[in-house]
Amino acid sequence: MTKAYTIVIKLGSSSLVDESTKEPKLSIMTLIVETVTNLKRMGHKVIIVSSGGIAVGLDALNIPHKPKQLSEVQAIAAVGQGRLIARWNMLFSQYGEQTAQILLTRNDILRWNQYNNARNTINELLAMGVIPIVNENDTLSISEIEFGDNDTLSAITAALVGADFLFLLTDVDCLYTDNPRTNPDARPIVLVPELSEGLPGVNTSSGSGSEVGTGGMRTKLIAADLASNAGIETIVMKSDRPEYVPKIVDYIQHHFRPPRHIGNGTQQQFLDLQDTELEQLRRYDVPMHTKFLANDNKHKLKNREFWILHGLITKGAIIIDENSYDKLLSKDMASLTPNAVIEVRDNFHELECVDLKIGQRLPNGELDISKPIQSVGCVRSNYTSLELAKIKGLPSEKIHDVLGYSVSEYVAHRENIAFPPQF
């Protein structure tokens, strides 16, 4: 019996729009619609993250190249986004399916209640049998609040709704050890147990996105890392054969066996693992793809932790000592107090997300700048950078004496502190 999954399918501009003519690839869009409809009939819930608004706008306005001026790009996006969702609506309506457009910027999820509202809205649409089509709101986004690319947006969307799978559809069938277009000896990478350990023997520097898109393989690796941290399996596969998605899901559910050892191992062990998995794919007649395994329940981020680490924009940094860091990681889950803070960097307001770093404290209480500083997580500070600079290193009971008021005895409460998964 097939389990019902929540599946996010991300399509880049180069998958949906011809790079030279800027015209939509209606044949690919039709295949996507057929695939999503079939997945729904199998009982799965499906969300599409669709790029292409700017590219469709370029075609509609007969503009040959994407301009550099932000206001022009946003105007083009305003034209294209409406036309793009209209095409999706037209294609899905032929199968009796309803769609809904959701345009997001980071500004829409900067508050926890907004983040929850976005999740509730998408889940309500799924419960109604509607197919949400998500895109970044390029008409309103500015560099400070944009996701940067729809690979990242798709990972955040998948984490937002607690999806089971994230499919990143692209112009290659899988990840390779090098660019297969320029290196005939490039080997396919079909299974990555632990992305945080790096990819032994893999060069991901080539390929920086297309004329009509912003992504590349690097952005897909970032998205896969985000999704894995949220407990979501990520699959990279070729966009011109979306009908393979159900077959890959079926293979993972019924035939795939995770490797016995934890992590990627040495470079040779990693490459041997690829040969073993390739044999399995051939045995079950499963098309080539790259599978990034999800973190297990013990190591995956909770929803709020993911929001703090990946949904918010960091402003400034708080540097603490290593002993204080160890206490924050302990089972008692301590909150962050002023006496743990060695130094405050850059400017931030209260409840903004701040980079948390560890450094060495000198005998006089100041930061030892000769020692390395390491980023370890993020916090939402109860105090501004100016306030915190005045109370750093002090016990909590001194806050009122120094500031004349006390917002909290903590710089950040435990629920507003998040660390990447600890292995």
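Positions of Cβ are set from backbone N, Cα and C atoms, glycine also.
It should be emphasised that the depicted structure is a prediction, and the values quoted were computed from it without experimental measurement.
Pulled from Swiss-Prot, these are the features on record:
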BINDING   S51, D138, N150  substrate binding site
BINDING   T170, D171, T214, G215, G216, M217, R218, T219, K220  ATP binding site
DOMAIN    315-406  domain 'PUA'
- S51, D138, N150 bind substrate per the record; greatest CA separation between any two, in Å, is 11
- Of all the binding-site residues given, R218, K220, which residue's CB has the most CB neighbours within 10 A? K220
- Cα distance, S51 (substrate binding site) to K220 (ATP binding site), nearest Å? 14
- Determine the Cβ neighbour count for T170 (ATP binding site): the number of other Cβ atoms within 10 Å of its Cβ. 26
- Note on the structure: DSSP composition of the domain 'PUA' (315-406), residue counts helix/strand/coil, works out to 26 helix, 29 strand, 37 coil
- Determine the mean pLDDT over the domain 'PUA' (315-406), rounding to the nearest whole number. 95
- Task: Do me a favour and check the Cα-Cα span between D138 (substrate binding site) and T170 (ATP binding site); whole Å is fine.
- Result: 21
- Note on the structure: Lowest 10 Å Cβ neighbour count of the binding-site residues S51, D138, N150 is held by D138
